[in-house]
Amino acid sequence: MTVFSGAGISAESGVPTFRDVETGLWAEVDPYEISSADGWRSHPDRVWAWYLWRHHMMGAVAPNNAHRAVAAWEDYADVHVVTQNVDNLHERAGSKQVYHVHGSLFEFHCDRCGAAYLGEVPAMPEPVESVDPPRCVCGGLIRPNVVWFGEALPDRAWQQSVDAVINADVVVVVGTSSVVYPAAGLPELAVASGTPVIEVNPEPTPLTSTATVSLREKAGAALPGLLQRLPALIG
Ligand code: BJW
Ligand code: ZN
């Protein structure tokens with residue numbers, strides 16, 4: 001089984017999604033500015049402040065029933081998790097084979113020499129708009145190990161993800177708006193090769209019309225019983 005997850009799987013843990021209009025983080029900020037390579041180049045202090053806040057917020061939340069269900073499926077199947085999320089909640093729930101196509105917000109590196117940053121992550125007692133990022137010994141700026149708009153996805157995680165989708169007997173797509181590419185192309189690969197694709201999302205997405213089944217349910221409600229429902233859903 002391959003699970004392809006997006007921000008919606010973590011919503012019930014209290015992590016805001018990106019594009020949900022009322023609660024989404026980007027209701028307040030422009031995603032293309034704050035989450036892009038160009039945004040980092042033009043105002044790293046604002047981008048760093050935003051990611052520092054999200055780093056601490058994500059460290060303070062816990063996996064929910066959906067993450068736990070996916071981890072529990074390993075007792076019955078060879079489960080691969082391809083996630084766009086940077087919150088590490090799949091690992092914290094116990095999933096073993098997790099591929100981070102958009103990186104992790106628990107790792108940092110220098111934007112000039114690429115060295116991993118092993119120093120302390122500054123505290124952030126309350127959200128502020130601007131914080132200067134730490135500097136590397138080479139003078140470069142320390143940035144989160146995430147993939148911004150305009151940047152390539154990590155080669156190894158991408159290849160592992162493509163393999164996981166191509167070799168799956170079933171792909172479960174949960175909590176993603178399916179609009180950010182190339183990640184959104186992964187379920188399309190499964191559809192193209194005739195692999196059953198089950199979408200779990202309270203809202204329709206561009207994937208809905210081509211998915212084998214689309215469940216209009218929240219992840220925390222749908223995933224714990226999904227394995228038992230599989231025969232009825234996909235035969
Ligand atoms: C629930 C729920 C519940 C709520 N249960 N569900 C035109 C066409 C195609 C591509 C492009 C294009 N123009 C530009 C591009 C490329 C661009 C792109 O895709 N843009 C489109 C938006 C137009 N892509 C890129 O730039 C990528 N790189 C690239 O293409 O590189 C090329 C290159 C090659 C070689 C050299 C250089 C360059 C990179 C994309 C990186 C995306 N990064 C982000 C930020 C990561 C760090 C961070 O976390 O801050 O990734 S953006 C953001 O979107 C984040 C997410 O992972 C990603 C996807 O969002 P997701 O997870 O789907 O969240 P939402 O909020 O959108 O949806 C949540 C869903 O959950 C909703 O559907 C809800 O209904 C649902 N939900 N509660 C279940 N309880
Ligand atoms: Zn450096």
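Cβ atoms here come from the backbone N, Cα and C positions, even for glycine.
Keep in mind that TrEMBL annotations are predicted by a computer and have not been checked by a curator.
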### Query
Given that TrEMBL lists Gln84, Asn85, Val86, Asp87, Gly175, Thr176, Ser177, Asn201, Pro202, Glu203 as binding NAD(+), which residue among Ala69, Ala219, Ala221 does it place in the same site?
Ala219
### Query
Fewest other CB within 10 angstroms, which one of the binding-site residues Gln84, Ser177?
Ser177
### Message
Using other CB atoms within 10 angstroms as the count, which residue among the binding-site residues Cys110, Ala219 scores least?
### Response
Cys110
### Filtered recorded positions, from His102, Cys138, Gly175, Ser177, Ala219, whose Cβ is under 6 Å from an atom of ligand 1
His102, Gly175, Ser177, Ala219
### Query
Once Cys110, Cys113, Cys136, Cys138 are set aside, which residues in the chain still have Cβ within 8 Å of the Cβ centroid of the Zn(2+) site?
Asp111, Arg112, Gly114, Ala115, Val137, Gly139, Gly140
